[in-house]
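S.K.: Sharing a structure here in structure tokens format.
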Amino acid sequence: MIQIKQLKKVYRTDEVETVALNAINLMVEKGEFVAIMGPSGCGKTTLMNILGLLDEPDSGSFIFNGIEIAHFSESQRVQLRKQNIGFVFQNFNLIDELTVYENVELPLIYTGHKSSERKKMVTEVLERMQLMHRRSHYPQQLSGGQQQRVAVARAVVNKPALILADEPTGNLDSKNGNEVMQLLTELNEQGTTIVMVTHSEHDAKYSHRIIRMLDGQTIMENILV
Amino acid sequence: MIINYLKIAFRNLLRQKAFSFTNILGLSIGLACALFIVMWILDEFSYDRFFKNYDTIYSIKVTRTFDNTKNTDGAVAYPLTNAIAEKIPQVKYAVESTYPSSHVLAFNENKIKKTGYQVSANFFKLFTFPFLQGNAATAVTDPNSVVLTAATAQALFGNHSPLGKLVTLDNQQTYKVTGVIADIPHNSTLQFDFVIPYSFSPEDYQHVANDWVNAFNLGYIEVLPGTNIAALEKQINQLYKQNNPNDDAKTSYLLQPMSEWRLYSDFKDGKNVGGMIDYVHLFSIIAVVILLIACINFMNLSTAQAEKRAKEVGVRKTLGSDRASLVFQFFMESFLMVCIAFVIALLLVYLLLPSFNLMVDKQIKLPFANAKFWLYAVLMIVFTAIVAGIYPAVYLSSFNAATVLKGTFKASNKLLAPRKLLVIGQFAASFVLIVATIIVYQQIQHARHRDLGYNPNDLIIVSSSPELDNNYEVLKQQLLNTGVVDAVTRTTSPMTEIWNYSPAPDWPGRPQNNNFIVSAMAVGSDFAKTTGARMIAGRDFKEGSIADSTGIIYNKAAMDKMNLPDPIGKQVKFFGKTFTIIGVMDNIVMASPYKQVDPMIMLFYDNKRPGFVDIRLKNGVQPQNAIPKIAAIYKTLNPAYPFEYKFADDEFNKKFATEELIGKLTNIFASISIFICCIGLAGLVSFSIQKRFKEIAIRKILGASVWQIIELIAADFLKLVAIAIVIAIPITWWLMNGWLNNYTYHVTIQPMVFALVAIVMLLITLIIVGLNARNAATTNPATVIKSE
């Protein structure tokens, strides 16, 4: 599904040049659950942003579902992203002004689903996440675990092929954290490819394969399954 | 999708109450101002449009040259329009009227003083005033007919039908009512209460119909569609030359279309130089400036909020929103805000309209049924929403999702530059308006407190009549006997107007090239005593002095032109008669208080034309006590006329009406603009403080005092306001100097005004910053650091 070759990304300020990704190579097969680990500043988040088409590489190749997309335009990336990728963030990133229901509905609006379809899909995913009773609440009225469940619901409502999770349990206690990991595992079992950045060895164990990064490069792979 | 945007917009609006309130308040006030100005301008442009043949009506203007100066006015000789109607086939109707004048209309015991014209027979064919009763085509064909407005008819006849009834004019001639027209709308250039046809005795007509020299009528024509106006003007000029080949005033006629009557009434050197249209332009600019100031608030506050909205932008982008739909979303928010502000603005306008009408002396109504008004309203909303909303929308939607969601997003400092520029623009505009207001005010005060050369206070002016003129000596004596009156004189025109101009009398030894025009007035005895005018040499006219009927008094301005040593006793020739100079009077300001006094002559009052009686009250006498006594005498000697009086100082003050209106309006708009600037500034300051809360706390921990912190924050804003002032000063100077140059008698702009306004503006800024910063500066820094 994802094939990255010699991908480079450099951040420049007036005085400093920081190499975030240094000719990195990475393959993710369809249906895989991959965890990316590494110390702060090793380039995990940059990699995630490029995988999520939020950022573009300076050089190298990025093939997504067989298509070279390294030099896609902004609008092409938007198209690809909204149909294929769901995001789960450490700090949930729900929109405070929208209710649980409306937050989950948002991706469907952008992909142009009809209102009746949206209602069906949102209800379905909220029921699956046991959030129906909370659908009219605003994010700040929910616990951290509940908020992350909403975020996961929002990430999967469009049935994306790929979910990118950036430290999804980072702001949660262990009980809520486990619940979220369970949820991701279930999604993976149902066929969704998952790439997750984490600092937690515990969480990483839910994955099939752990990629360890340092200084913008992959240094090691542990295959768990 | 749109519903989703509106939903978010509404919730944001409710959540950020202070932000929404500030924005909507500024926008509502800005829009209300703009609405008022639009309504005022629409009203100015609506003048005379109710006439059916608006597009084909022209007034005849005449330029005459005296003393190398071109004067343009509407006075045409009586035979002109008849000749035009007869000789020029493209002209459908050519009519004329006299200048408006006041007359007493009477029906039985009912007497009212009203203003009217004498008009030619086709008057109502050209001017399609709607007739409520009677026939427009024939209403003024009979010389003894009169047409009344509905209000005049109501005042004379109550609810009885006026048609066919006889009305007495000035206690002399009777006229039969042949028509009643609807009251003249306020937006008509022609304003009158009644009209009567011209009527002359056969011998008078013989004279008038062939008099191409004296001009005392106003002429109007209606042309056939498609007429070439330039060619027509040429024809009219030729026609005039054929009839008055010895014209020494180099008379030249031009035609002014009805659409220009109201707004382009001023002429200089024979060319149109605008008029009211200048103020239409001025206020259009002010409307746009105020709206822009409100829009700038909106932009600044919206972009200052960037960090709050950044997360939403990031999330929406990751969920697949493209830039365009984000721009659209933020634009919808602005649009919603502008719509709410517009509704509030309409409400404000509705509530304040009566006061506004009173101030601008109009009868404007909110034109809800007028499609054009709504078109302007929609344009205004769209304009405001675009100007206010596009920039924040483009800026907010530009955030990079990756950085925003990483949590490392800080609104870029790049944005500070445009935001600063906008603040500078706002304050510069306000500075211009405020200084302009002060200079307009100074100019009015300057002219108002000018030495008029006479004392207009406690000087009562009463219209005279033929009866009163015949009994003048008795009137004067009785008035003096009341004990409240100090002196009495009479004049052919009121003290605050000049009605007659003519070439200066010829004097012995006059150089060939010394021709000039004088204003002329006939005055009774005790003129200087009554009015308080100062005699520089010689004496005032004396009662009973037969010699005075050939006496002449010059003013100082005339003497300066004549250069005549020892003028008293010298003889001059005026219209074939010899006059002896009996006095030289200091200049008295009768015409524009902004202009130099013209050369003037005064002759002794003869009884041929009734004018005005001027009454000087004794020192310390209360006018309200004096008026009944004067009225009683007036009524016994002049029973046919209602007693009406005016105070010279009131009449003089009326000369400031336009400038005062302009002064008042700029004052209001300047106050509003600075107010909107201030609320915007307050918003920006509070955002800036929020952003720097942690910095402030750390500085306090390190020992900064409250004042040092206020200083720290104020410095940024004071700098901006100072730059604005520096930019605004030359602009203001240039604009106001241009305006003042319209007046010969004007103030010079004093640097002190700039300095004062600058100081006040900087102080206001400091106060706004101080009030906002106090809270931050006095918060316990420990709590701030902990919560970070």
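Quick reminder: no glycine exception, Cβ is built from N, Cα and C everywhere.
Got these off TrEMBL a minute ago, pasting:
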- B:20-239: domain 'MacB-like periplasmic core' (DOMAIN)
- B:285-400: domain 'ABC3 transporter permease C-terminal' (DOMAIN)
- B:432-632: domain 'MacB-like periplasmic core' (DOMAIN)
- B:667-781: domain 'ABC3 transporter permease C-terminal' (DOMAIN)
- B:21-42: transmembrane segment (TRANSMEM)
- B:279-301: transmembrane segment (TRANSMEM)
- B:326-353: transmembrane segment (TRANSMEM)
- B:373-400: transmembrane segment (TRANSMEM)
- B:421-441: transmembrane segment (TRANSMEM)
- B:668-689: transmembrane segment (TRANSMEM)
- B:709-736: transmembrane segment (TRANSMEM)
- B:748-771: transmembrane segment (TRANSMEM)
S.K.: Should anything in the same chain at least six residues away from the transmembrane segment (B:709-736) have a Cβ under 8 Å from its Cβ atoms, list it; otherwise answer none.
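M.R.: Residues 420, 423-429, 431-432, 435-436, 439, 681, 684-685, 688-689, 692, 696, 699-700, 749, 754, 757-758, 761-762, 765-766, 768-770, 772-774, 776-777.
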S.K.: So, taking each listed stretch (B:20-239, B:285-400, B:667-781) in turn and counting its Cβ pairs to the domain 'MacB-like periplasmic core' (B:432-632) that are under 8 angstroms, which one gives the highest count?
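M.R.: Ranking B:20-239, B:285-400, B:667-781 by Cβ pairs under 8 Å to the domain 'MacB-like periplasmic core' (B:432-632) puts B:667-781 first.
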S.K.: Considering pairs 6 or more residues apart, do the transmembrane segment (B:21-42) and the transmembrane segment (B:748-771) have at least three CB pairs under 8 Å?
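M.R.: No, the stretches stay apart by this measure.
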S.K.: What residues elsewhere in the chain lie close to the transmembrane segment (B:748-771), defined as a C-beta under 8 angstroms and at least 6 residues from its ends?
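M.R.: 427, 430-431, 434-435, 438-439, 442, 674, 678, 681-682, 685, 710, 713-714, 717-718, 721-722, 725, 729, 732-733, 736-737, 740.
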S.K.: For the transmembrane segment (B:326-353), give me same-chain residues lying six or more residues beyond its boundaries with a C-beta closer than 8 angstroms to one of its C-beta atoms, as numbers and ranges.
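M.R.: That would be 2, 5-6, 8-10, 12-13, 20, 23-24, 27-32, 34-36, 39, 298, 302, 313, 316-317, 364-366, 377, 380-381, 384-385, 388-390, 392-394, 396-397.
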S.K.: Restricting to the domain 'MacB-like periplasmic core' (B:20-239), report the mean pLDDT as a whole number.
M.R.: 91
S.K.: DSSP says what for the domain 'ABC3 transporter permease C-terminal' (B:667-781): how many helix, strand, coil residues?
M.R.: 98 helix, 0 strand, 17 coil
